[in-house]
Amino acid sequence: MAIILFLVLWLLTFALWLLGCRLGLTWAKVSQYKFGQILLAALVSIVGTGVINAIFMALIAKSGMPPSIALPMGLFVNVGLWVAITVLAISYIIRVPLRPSFLIAMPTFLAPVVTLLLTMFVVKPFLLEAYVVPASSMSPTILGRHVCSVCEECGAPRYGSASLYRPGILGGDDVEMICENFHVTKSPPPDPEVFPGDRVMVAKWKKPKRWDIIVFKYPNEPEVPYVKRLVGLPGETITIEGGAVYADGKKLELPPNLQGLTYVDHFEDSLFSHGPHLWGHVDKPAILGEDEYFVLGDFTTNSSDSRLWRDEYDDTHHPYAVPADHLIGVVSEIYWPASRWRSFP
């Protein structure tokens, strides 16, 4: 879906650019040109601006520049690149002097503006929105800021939360990690490099179903988006026994991509503020209302999810539940980094 939508927006930008350029040529009273020249100028302008801007934004992201500076700088550079590359492309490809090239280019500047407005007021609110995953509770499926190494049990890649890795501090060298076969181990990662979190696309038009990965507003802090896996549906009673999830007493079969995952229903150490038993334990079943969902993280020993939530946030919902009106959408794909591109059904 994200790829199709991207192509539609790109083609719309391309078509509007062509129309704008034809209008600009009329304004500038230029008649000696070929349509192929306009096509080539459009490709150079749109693709060239996109590639250079992507490289620039990647450098900004890698630099760790604060968003308050990075966003205005990125916007300024993007606009400057669009103007400069468009004018130069028209001048050199259609063979027009620089001054009239700017006049010809002016109508083409509406193309990205229209696309941006569509993205802001149609795509983002109703169709798709991009999110950066900061935490590692959905590892190994979706990664937050993390360290990585190789699983000691099976040799598969394993991942741990970067926020828990504090080399040089007592106990900070050992990191709890989970591998792609869902083995949880704890040891120092041999590579201290910290990798950024995945960037995901969230489909707001999809109706969530069991085992979907969803983005929602955390009930106690609605301004904070969380990413978890939807496990319990409205009206169900959810329990966790022997690592498996039960809905109304019936064991739920894991989808093929989650085979090997076992969910934790208690902690041996009762010093935790929530006690040894979590929501969903047989002694503390999670009874969901008609507009409530139960969510879990794939990194079951390192996830703040429905099992651990204790604070009441209103008078009508259970503390462990995500109300239906807090759902934002369903994760449709990981789009960055490119090496981790993955689409979810």
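Note that Cβ sites are derived from N, Cα and C of the backbone, with glycine treated the same way.
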TrEMBL annotation (transmembrane segment) - matching range among 4-27, 100-123: 100-123
Separation of alpha carbons, Lys228 (active site) and Ser137 (active site) (Å): 8
Segment-level pLDDT (mean, integer) for the domain 'Peptidase S26' (190-336): 90
Structural state census, the domain 'Peptidase S26' (190-336) (DSSP three-state): 9 helix, 56 strand, 82 coil
Number of other Cβ atoms within 10 Å of the Cβ of Lys228 (active site) across all protein chains: 25
Cβ neighbour count (within 10 Å, all chains shown) around Ser137 (active site): 22
